[in-house]
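Visitor: Below you'll find the structure I mean.
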Amino acid sequence: MKKIKCALIGSGNIGTDLIYKIKRSPVLEPVWMVGIDPASEGLARARELGLKTTADGVDGLLPHVLEDGIQIAFDATSAYVHAENSRKLNELGVMMIDLTPAAIGPLCVPPVNLRQHADRVEMNVNMISCAGQATIPIVNAVSRVQGVEYAEIVASLASKSVGPGTRANLDEFTYTTSSAIEKVGGAKKGKALAIINPAEPPLIMRNTIYCLTESAPDQARITESILQMIGEVQKYVPGYRLVNGPSYDGNKVSVFMEVAGLGDYLPKYAGNLDIMTAAATRTAEMFAEEILAGKIKLKTAEVA
């Protein structure tokens, strides 16, 4: 079966984990890995896995985009450089999946709103953050049953799984995730908190989600909605698991989740990597399926 060729930008934890996810895909093929440090482990790993590599940043990739037929790029660098990366690749007709908190494109959580982005042929979609991918489906599961006045999420991440790029973007991580809890999750007000836990051995990613409903919660319908949504996320992140809840206290709905990874690049505790890379891969797959079926055609920036 024909596959859509992909480039990965950023050779850190997220970019390297992405190689494994995309390699398993029936419709995506990783062809290029872009970094800035010739000695980075991610670039070495990419070469071992048969990818072409450059340590000259996106500019090192641009001359090869057309000859190698690259149609989708994943940006796992930093919010500070994403806009420029996206502009350069969009001009060549490459669709960008943004795994930084730059959020210059629409925010995407696959089980909530992926279909509408594919239908609109967006040339840049933003994957928010690992915490956003782990918690916004739950907030949305509550808000689709009844109004949510306030939603707060707390993500606890193993320090070893949080690389320099994510650390440099922690403020953007907070703003983008808080905003997405409102825009995608459907809460009137959203708040996101991240805790980087240095414990050894590293602890699995844990997420706490609190929702305050506008009226007394319809417990049966909310519980059913949450369990259905968890099933949707588990289709692409099998390690996504309900630990406790939903529990109800007045108008407060509390849900406790954990996310185990597949152990592709980092061990299984790094579920935060997996939920991000799996969501990005799922997003790319939907676009790829539509391209292969001839339903959509990516547009170059000049036409857009």
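Cβ coordinates come from backbone N, Cα and C, glycine included.
Pasting the relevant annotations from Swiss-Prot:
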type	residues	note
ACT_SITE	Cys130	active site, acyl-thioester intermediate
BINDING	Ser11, Gly12, Asn13, Ile14, Ser161, Val162, Gly163, Pro164, Gly165, Thr166, Arg167, Ala168, Asn169, Asn272	NAD(+) binding site
Visitor: May I ask for the distance between Gly163 (NAD(+) binding site) and Cys130 (active site, acyl-thioester intermediate), taken between their Cα atoms and rounded to an integer number of Å?
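Guide: Just about 13 Å between their Cα atoms.
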Visitor: Could you list the residues of the same chain, at least six apart in sequence, whose Cβ is under 8 A from the Cβ of Asn13 (NAD(+) binding site)?
Guide: Ser161, Gly163, Thr166, Tyr265, Leu266, Ala270, Leu273
Visitor: What residues, ordered by sequence, lie under 8 A Cβ-to-Cβ from Gly165 (NAD(+) binding site) and sit at least six positions away in the same chain?
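Guide: Listed in sequence order: Gly10, Gly12, Ile14, Ala76, Thr77, Ser78, Thr100.
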Visitor: Tell me whether Gly163 (NAD(+) binding site) sits in a helix, a strand or coil according to DSSP.
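Guide: SS state of Gly163 (NAD(+) binding site) = coil.
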Visitor: Looking only at Ser11, Cys130, Ser161, Arg167, the recorded positions on record, which one has the least crowded Cβ, with the fewest other Cβ atoms within 10 Å?
Guide: Arg167
Visitor: Over all pairs within Ser11, Gly12, Asn13, Ile14, Ser161, Val162, Gly163, Pro164, Gly165, Thr166, Arg167, Ala168, Asn169, Asn272, the annotated NAD(+) binders, what is the largest Cα to Cα distance, rounded to whole Å?
Guide: 17
Visitor: Between Arg167 (NAD(+) binding site) and the residue listed as 'active site, acyl-thioester intermediate', find the distance joining the two CA atoms and give it rounded to the nearest Å.
Guide: 13
Visitor: Cα distance, the residue listed as 'active site, acyl-thioester intermediate' to Asn169 (NAD(+) binding site), nearest Å?
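Guide: So the alpha carbons of Asn169 (NAD(+) binding site) and the residue listed as 'active site, acyl-thioester intermediate' sit roughly 12 Å from each other.
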Visitor: Rounded to the nearest angstrom, how far is the Cα of Ser11 (NAD(+) binding site) from the Cα of the residue listed as 'active site, acyl-thioester intermediate'?
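Guide: Distance between the two Cα atoms comes out at 17 Å.
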Visitor: Note down the number of other Cβ atoms within 10 Å of the Cβ of Gly163 (NAD(+) binding site), including every protein chain shown.
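Guide: Within a 10 Å radius of the Cβ of Gly163 (NAD(+) binding site) lie 18 other Cβ atoms.
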